[in-house]
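Visitor: Got a structure for you, questions after.
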Amino acid sequence: MRNTLRVIIFVLAVAAFLFLTNDYWEGKLLGGLSILISCSVVFIAFVISLENRKPAHTITWLVVLGSFPLIGFFFYLMFGRNYRKQRLFQKKAMLDEQTFLKFQGQREWAIEQMPIGEHQRPLLQLAHRIGKSPVSLATETRVLTNGEETFSTIFEELEKATHHIHLEYYIVRHDEVGQKLKTILIEKAKKGVHVRFLYDAVGSWKLSKTYIQELRDAGVEMIPFSPVRLPFLSNTINFRNHRKIIVIDGTIGFVGGLNIGDEYLGKDKYFGFWRDTHLWIRGEAVRTLQLIFLQDWYYMTGKTLLTPEYLSPELVHYDGQGGVQLIAGGPDQKWEVIKHLYFAMITSAQRSIWIASPYFVPDEDILTALKIAALSGLDVRILAPKRPDKKIVFYASRSYFPELLEAGVKIYEYSKGFLHSKIMIVDGELASIGTANMDMRSFHLNFEVNAFLYHTDSTKKLVADFLEDLKEASPIDYETFQQRPLSIRVVESVSRLLSPLL
């Protein structure tokens with residue numbers, strides 16, 4: 001399908017012609033609309049079937065179109081046209097791969113030097129092969145727990161910037177936290193520091209024009225990622241930049257779950273306390289984070305900054321605390337990078353798998369791997385929020401609980417506030433922390449970035465934090481959970497049916 005949209009428009013035009021030339025004026029409006037909707041829905045269903053999507057995705061779209069033709073038609077135009085994903089990002093994918101190979105090299109020697117078990121080594125090989133990122137043995141990391149520690153550390157490091165500041169965020173708000181960030185960036189820009197800021201056009205759609213203009217007037221290059229002007233006709237509305245990246249002078253980096261907003265400090269009345277995790281990075285691995293930003297910057301602006309000024313080979317090497325790997329995932333990748341690495345982490349486990357995720361909507365591969373791990377006697381724990389953020393995702397998530405509980409997975413509901421951490425810890429030795437949720441949107445559609453940690457001090461801190469979080473959580477009992485009302489089960493089932501679209 002070279003251009004499905006054009007064909008859909010053609011079908012609509014034919015239907016309109018039949019409508020206008022109809023000699024039977026009685027019931028003309030209803031008949032015309034029926035022809036319009038029927039032709040469009042049938043054609044879209046035909047296109048979806050030819051795209052050879054995963055069966056669950058195909059069936060879900062067919063059910064939606066069959067049950068709600070008009071709504072399904074417009075919903076598909078906005079969110080369903082993934083057939084163009086390869087074409088949209090083919091050039092970006094090719095350039096990204098060439099850039100990583102040029103600036104990162106192969107670095108197999110680092111994998112061989114990693115002091116890990118042989119059963120864990122294939123995970124590093126996989127991350128290197130599909131993530132195009134070497135493991136660094138010369139990088140310091142520090143876990144930042146919750147908003148107060150994260151923002152105070154970020155603002156402190158921004159104040160020290162002397163050459164450049166690069167930021168990439170999904171959500172930016174013009175509230176107290178956003179104003180504090182703006183003040184620092186304007187001050188730095190006026191002092192000659194190069195400040196570049198990528199913000200997602202959909203995630204930050206509420207960001208005021210005044211906020212943006214004030215930054216631009218001060219010399220900050222403020223660029224929206226994939227702006228959407230006509231939602232129903234946009235090819236990119238479904239592919240959002242969910243990354244949260246800061247790079248300062250090419251030596252300090254940040255990545256994790258927190259966007260820019262007051263709610264991440266626990267100031268939202270509904271959510272209250274906000275539980276989240278971020279990562280401070282210094283050393284060699286920051287180079288990978290810089291590359292990810294620079295490639296996204298080039299994709300949106302056409303301006304290349306792949307120069308020694310921003311990618312100096314003479315990085316200061318810090319004493320590593322184990323291995324650190326920064327991995328980007330997204331619709332521009334040939335492989336479902338983040339999902340494959342999550343799967344590999346789960347299947348490499350020998351003792352335990354601990355997961356914290358605000359949106360737990362796994363696909364069949366991840367779901368099966370978790371059940372098999374639990375049935376094999378491993379300590380599998382999932383920490384999820386008790387309070388819903390996005391209700392349809394919340395109920396879809398809970399629909400997976402019975403089969404996981406029955407397999408022996410321990411599921412806990414965090415009740416102190418809202419849990420937004422995106423963490424996986426395996427055997428207390430390997431960990432992932434970043435922007436990717438344990439859901440299909442992060443696996444298939446969003447641009448994400450995660451840090452994978454191997455035998456680091458930060459992994460120990462994540463373990464300690466997870467155990468502390470369990471003190472604020474309640475375990476779900478299988479028998480009790482099975483007694484929930486039928487109405488709730490129906491909502492969960494319908495939400496799960498839509499989960500491939502979430």
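Glycine is treated like the rest: Cβ placed from N, Cα and C.
The transmembrane segment feature in Swiss-Prot is assigned to 7-27, 29-49, 59-79. Feature annotation from Swiss-Prot assigns domain 'PLD phosphodiesterase 1' to 237-264. For HIS242, LYS244, ASP249, HIS420, LYS422, ASP427, the entry in Swiss-Prot reads active site, with the evidence type sequence analysis. Swiss-Prot lists 415-442 with the feature domain 'PLD phosphodiesterase 2'.
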Visitor: Within the domain 'PLD phosphodiesterase 1' (237-264) only, compute the mean pLDDT.
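Guide: 95, rounded to a whole number.
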Visitor: With DSSP helix as H/G/I and strand as E/B, how many residues of the domain 'PLD phosphodiesterase 1' (237-264) fall in helix, strand and coil?
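Guide: Summed by class, the stretch gives 3 helix, 11 strand, 14 coil.
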Visitor: From the Cα of LYS422 (active site) across to the Cα of LYS244 (active site), what is the distance in angstrom?
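Guide: For LYS244 (active site) versus LYS422 (active site), the Cα atoms are 12 Å apart.
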Visitor: Determine the Cβ neighbour count for HIS242 (active site): the number of other Cβ atoms within 10 Å of its Cβ.
Guide: 24
Visitor: Please report, as numbers and ranges, the same-chain residues at least 6 past the borders of the domain 'PLD phosphodiesterase 1' (237-264) whose CB is under 8 Å from any CB of it.
Guide: 78-82, 85, 88-89, 144, 147, 150-151, 153-154, 157-158, 160-173, 175-178, 181, 198, 200, 202-203, 225-226, 228, 231, 271, 274, 276-283, 285-287, 289-290, 292-293, 296, 310-312, 315-316, 326, 328, 330-331, 420-422, 433-436, 442, 445-451
Visitor: Given a 10 Å Cβ-Cβ cut-off, pick out the one of the active-site residues LYS244, HIS420 that has the most other Cβ atoms nearby.
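Guide: Going through LYS244, HIS420 one by one, the largest Cβ count within 10 Å is at HIS420.
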Visitor: Would you please pick out, from the active-site residues ASP249, ASP427, the one with the fewest other Cβ atoms within 10 Å of its Cβ?
Guide: ASP249
Visitor: Count the Cβ atoms, other than its own, that fall within 10 Å of the Cβ of LYS422 (active site), considering every protein chain shown.
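Guide: Excluding its own Cβ, LYS422 (active site) sees 25 Cβ atoms within 10 Å.
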Visitor: For the domain 'PLD phosphodiesterase 2' (415-442), how many residues does DSSP put in helix, in strand and in coil?
Guide: 3 helix, 13 strand, 12 coil
Visitor: Can you give me the Cα-Cα distance between ASP427 (active site) and HIS420 (active site) in Å, rounded to a whole number?
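Guide: If we compare the Cα positions of ASP427 (active site) and HIS420 (active site), the gap is 22 Å.
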Visitor: Give me the CA-CA distance between HIS420 (active site) and HIS242 (active site), in Å, as a whole number.
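Guide: With the alpha carbons as reference points, the distance is 14 Å.
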Visitor: Where LYS422 (active site) and HIS242 (active site) are concerned, what is their Cα separation in Å, rounded?
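Guide: With distance taken Cα to Cα, HIS242 (active site) is 13 Å from LYS422 (active site).
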